[in-house]
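Report on the structure given below.
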Amino acid sequence: KYPAIKALMRPDPHLKWTVTGMVLVQLLACWLVRGLAWRWLFFWAYAFGGCVNHSLTLAIHDISHNTAFGTGRAAHNRWFAIFANLPVGLPYAATFKKYHVDHHRYLGGDGLDVDIPTRFEGWLFCTPARKLLWLVLQPFFYALRPLCVHPKAMTRMELCNALVQLAADAAIYALWGLKPVVYLLAGSLLGLGLHPISGHFVAEHYMFLKGHETYSYYGPLNWITFNVGYHMEHHDFPSIPGCNLPLVRKIAPEYYDHLPQHHSWVKVLWDFVFDDSLGPFARVKRVCKLAENRL
């Protein structure tokens, strides 16, 4: 109906420069925090570093769809994602790419889509206090869940990711000591845990309304998260970079404006914790033959 949407399926010319600037900002922050007291280091890790590092993980999400250099230069995208990974402190980009393909291909697929919490998580984290703890520990569940739900052999790119990250962490430690390394790691763990930006983890696919499993958010936090809030649009057209997703809604509003949507990621977190009908179990699960046969 709208051929103009196909024209949006092109690389984001600004993405590589934005990400490079963010990496350099975090490198400058490492130099600035080297003499801070620990309490202030953790404050800035949450208030600033957590925002930047979480935003970089969402840049890596965008890059995993080849939006930095285009599908014809896939290797450039993979290596640039590893570069964007550097301030995160832990190797993440190559593994994310490997599993994120399944999230799009088998959305909600039990045993295939590792974005879905396990039965153990749904059983244990079922009270407000426990759900709050689950949000705090979210980075650990996202890191460990794939190993339990759908383990895959390590790839050469994952090994390269780990070696490059280890070398970067070692270089920062050698230059400025332990505090900058702690700042980066704390920023990632705090920023991906109980943090306003982390509302997108819950907002995207948890069933706040029965029958609706994917939601968009059109609020201001999209400005610092590469428009990840435009999630219905993203799943419809995953090859369109985040910078162009608002145009999808603008071109075809009748497909999106009437759908349920979120207006605040902070409210999403509040509702998730205190609404008894929500929790790690509030996800659509589908049985896929591929998962049954383990092909």
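In case you wondered, yes, glycine gets a Cβ from its N, Cα and C as well.
Model, not experiment: these values are computed from the prediction.
For reference, TrEMBL has these:
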- 39-262: domain 'Fatty acid desaturase' (DOMAIN)
- 15-33: transmembrane segment (TRANSMEM)
- 40-59: transmembrane segment (TRANSMEM)
- 79-96: transmembrane segment (TRANSMEM)
- 182-203: transmembrane segment (TRANSMEM)
For the domain 'Fatty acid desaturase' (39-262), mean pLDDT (0 to 100): 97
Spatial neighbours of the transmembrane segment (15-33) far in sequence, C-beta under 8 Å, 6+ residues away: 41, 44, 48-49, 52-53, 55-56, 59, 62-63, 67-69, 80, 83-84, 86-87, 172, 176, 179-180, 183-184, 226, 241, 243
